[in-house]
Amino acid sequence: MQLQFRSWMLAALTLLVVFLIFADISEIEEEIGNSGGRGTIRSAVNSLHSKSNRAEVVINGSSPPAVADRSNESLKHNIQPASSKWRHNQTLSLRIRKQILKFLDAEKDISVLKGTLKPGDIIHYIFDRDSTMNVSQNLYELLPRTSPLKNKHFQTCAIVGNSGVLLNSGCGQEIDTHSFVIRCNLAPVQEYARDVGLKTDLVTMNPSVIQRAFEDLVNATWREKLLQRLHGLNGSILWIPAFMARGGKERVEWVNALILKHHVNVRTAYPSLRLLHAVRGYWLTNKVHIKRPTTGLLMYTLATRFCNQIYLYGFWPFPLDQNQNPVKYHYYDSLKYGYTSQASPHTMPLEFKALKSLHEQGALKLTVGQCDGAT
């Protein structure tokens, strides 16, 4: 009997170890309700690992030497100028779209809809599962009745990241020519129009932006600055991740109240509760072992649903540019960031490597230098 008990204990411990190893992916699969995902999804980026040691890639820009991320010497990128050699791979783009649709549907997951919630409903935060929030009247009023991207389709889309690599790029005019332009975290555009453009069709706003860029609206001056930025959106989609973490609740409510009080002309959207885990599940299944997807990667994943061709600007998670010059983390402020810090919730260099590989294969175009025709 004692031997049998020990055998059962050993079996239980073995199962526990296996569970801990695969808990992350198992949790994702459970939450997105895709029990067959791991076995049935074929990787759209199945060459990522086979190419992980390649140093050369064709990206639009000037002829540079190898770029080394000094914070992590194992990540090196030789970037050659040959924008004319890039060709869109429509077959691959369609394959990626089809595979992502097995995890999420951007048309539906881009926002919770008014018919699915009512004031007072309890929601568990995505990152603070033991914490809850009640759907406020203001939030309910701003929920869209239908998806802001329902039946939408665009020939070309630009996703504009916020890296300082955009400075002096002269990409503004090119960015504005795209059918649909996505920007991140209410980044300012007026003062940087030559490099980042002005057109905005969708802009994200993490709640932390209110603290970092608008001093938590401590007085009328900062509230007016935020209002000016919101009014400048002029009918664009304002995408607010309201259900991520408890710490953002008050900031989301402040913004909602301002929008309603001042009748700001924006179309608010609040991503579905399953979106982040579904996006992460897709990339993990394709062996891109991210922690938490950045806003830029989220936007790319969503854009595959409604964009024929996707162009990325301002994606550069390294402290030096192609010519070994310092690059600001954001083009518009002096914030510092540890790209390879273990404490970071993101794995930006790894994401960049994946996007770079997709650029090589023609699934997207990644611009990290000056745009064609820039002076």
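Each Cβ is built from the backbone N, Cα and C atoms, and glycine gets one as well.
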Whichever of C184, C307 is disulfide-bonded to C157 when Swiss-Prot is consulted: C307
C371 - recorded disulfide partner, Swiss-Prot, among C171, C184: C171
Minimum Cα separation from N234 (N-linked glycosylation site), reported as the residue among recorded positions C171, N185, N219, H330, C371 that achieves it: N185
Top Cα neighbour of H330 (CMP-N-acetyl-beta-neuraminate binding site) in the set of recorded positions N134, C171, N219, C307: C171
Surrounding CB atoms that lie within 10 Å of the CB of N185 (CMP-N-acetyl-beta-neuraminate binding site), all protein chains: 17
Inter-residue Cα distance where the pair is N219 (N-linked glycosylation site) and W316 (CMP-N-acetyl-beta-neuraminate binding site), in Å: 35
Beyond the site residues N162, N185, T294, T295, G296, W316, Y329, H330: chain residues whose C-beta lies within 8 Å of the centroid, for CMP-N-acetyl-beta-neuraminate: G161, S163, C184, G314, F315
Candidate with sparsest Cβ neighbourhood (10 Å radius) among N89, N219, T294, the listed recorded positions: N219
Where C157 (disulfide bond) falls in three-state DSSP terms: strand
